Amino acid sequence: MTAAAYKRILLKLSGEALMGDDAYGINEDVVSRIVSEIAEVTRLGVEVGVVIGGGNIFRGMKGAASGMDRATADYMGMLATVMNAMALADAMRRNGVEARVQSALRIDQVVEPYIRGRAIRHLEEGRVVIFAAGTGNPFFTTDTAAALRGSEIAAQIVLKATKVDGVYTADPKKDPAAQRFHRISFDEAIGRNLAVLDATAFALCRDQKLPINVFSIFKPGALKRVVMGEDEGTLVHS
């Protein structure tokens, strides 16, 4: 069997990815399919960390826009990510994948606190670690949490799972002539003003020379193809 291109990855999942076609919440069929994709990768011997968003339940920026205190709204968004992480971990266990949730906000009766050394040990022992509650601080996105946790656990790449199959020259929904980048450097992405991750997360990945692959979580087998080093999505590199 061909070896995977990466030994340890950080997968960034948006909360919206868990909704499927629903307007709100967690779609069990979608979660089951995502779990099966992750399970397939773990069977290759790849160590998987996951950062998950909470936008399917509550989005801090939206709460702040409606007049809520921004920090309060962000903390509510962090709690939403804990709910998503617990649902994902439960689905993994039901599918034979060992998983642990570590939260940047302490909720010790429910999930483990985030402890870097413990997270790395879980990964080394073949468990999927789902990092919840973002960075634990308001004003930082879960994209930034993905860049931070990816750097902390010495992941070899951040995989951003989205609804589109990569980074394009323009919005492919609006411009039928838009073309997908197969590979692009951090500097070129900045020069073209491409929104790969939010600015803080992008800068951290660039400074740490941590590559990013943007791909569609809705394409069957895409996660495995990325991990195997195939031409899937868009690779952003130093």
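A Cβ is built for glycine as well, from the same backbone N, Cα and C atoms used for every other residue.
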Per Swiss-Prot, which of ASP69, ASP74 sits in the UMP site along with GLY54, THR135, GLY136, ASN137, PRO138, PHE139, PHE140, THR141, THR142? ASP74
Since Swiss-Prot lists LYS12, LEU13, SER14, GLY15, GLY55, ARG59, TYR168, ASP171 for ATP, which candidate among THR2, THR162 does it give for that site as well? THR162
If you compare CA-to-CA distances from THR162 (ATP binding site) to each of the binding-site residues GLY54, ASN137, PHE139, which comes out shortest? GLY54
In sequence order, which same-chain residues at least six apart have a C-beta under 8 angstroms from THR135 (UMP binding site)? ALA104, THR144, ALA145, LEU148
Specify the count of other C-beta atoms within 10 Å of the C-beta of ASP171 (ATP binding site). 9
Cβ contacts of PHE139 (UMP binding site) (under 8 Å, same chain, 6 or more positions away): ARG70, ALA71, ASP74
Given the binding-site residues GLY54, ASN137, THR141, which lie close to LYS12 (ATP binding site), meaning Cα to Cα within 10 A? none
What binding-site residues among SER14, GLY55, ASP171 are found with a C-alpha within 10 angstroms of that of THR141 (UMP binding site)? none
